[in-house]
Amino acid sequence: MVKLIASLLLLAVVAQAYGDFKCSLAVPEITKDWVDMKDACIKGMRNQIQEEINASYQYLAMGAYFSRDTVNRPGFAEHFFKAAKEEREHGSKLVEYLSMRGQLTEGVSDLINVPTVAKQEWTDGAAALSDALDLEIKVTKSIRKLIQTCENKPYNHYHLVDYLTGVYLEEQLHGQRELAGKLTTLKKMMDTNGELGEFLFDKTL
């Protein structure tokens, strides 16, 4: 008991000393002319970050479903877990871009909301790939809308538009084509061989 009281007293003394000696620095006044993104473009970027996070969570749900022992499609599971990681990384890169442009000084806690996953089960792999393609189309439309917002007057954020077009839109278009091709192949295999076709296709992912 004596040791406990002594420990508490020592902790109180250390806390007081820390409070007395900690350094408090004033925020220096520097020009904000370099912080030039406009509100509509900033809002669009924030919305796009949320779109990427929403897609990431949906892909996580897909990966978890195909990982079930009662479903057991490891190829599909790995494919969707990889897609979830990619979408999360997209969101992180957009956050980094906003930070680089001096835009994460307020409202950071509202930047990302944990979404409710719309769907958690699928009848087969083809249904999941079809949903994945729809999801990518939705994200692509959102990026295009953001590009249109940021490239038009009075915003003219050419650097951001080039970044979104050259990196994100390029990847989205390739991703859509890849998913469409996988879905076509899977449907052909299932039309011929049913569940065996899905089983064999899973091995290729």
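Here the Cβ of each residue, glycine as well, is placed from N, Cα and C on the backbone.
Site annotation for Fe cation 2 in Swiss-Prot covers Glu136, Gln172, and the matching candidate from Glu87, Glu89, Glu96 is Glu87. From the candidate list Glu52, Glu78, Glu106, Glu121, the residue Swiss-Prot records in the Fe cation 1 site shared with Glu87, His90 is Glu52.
Of the listed cysteines (Cys23, Cys41), only Cys41 is recorded by Swiss-Prot as the disulfide partner of Cys150. In sequence order, Ala40, Cys41, Gly44, His157, Leu160, Val161, Leu164 make up the list of same-chain residues 6 or more apart from Cys150 (disulfide bond) whose Cβ falls under 8 Å from its Cβ.
Residues Glu51, Ile53, Ala55, Ser56, Glu86, Arg88, Glu89, Gly91, Leu94, Val139 surround the recorded Fe cation 1 site, their Cβ atoms falling within 8 Å of the Cβ centroid of Glu52, Glu87, His90, which are themselves excluded. Sequence-distant neighbours of His90 (Fe cation 1 binding site) (same chain, 6+ apart, CB under 8 A from its CB) are Glu52, Tyr168.
Distance from the CA of Glu87 (Fe cation 1 binding site) to the CA of Gln172 (Fe cation 2 binding site) is 11 Å.
Around the Cβ of Glu52 (Fe cation 1 binding site), the number of neighbouring Cβ atoms within 10 Å comes to 23. Glu87 (Fe cation 1 binding site) sits 10 Å from Glu136 (Fe cation 2 binding site), taking the CA atoms of both as reference points.
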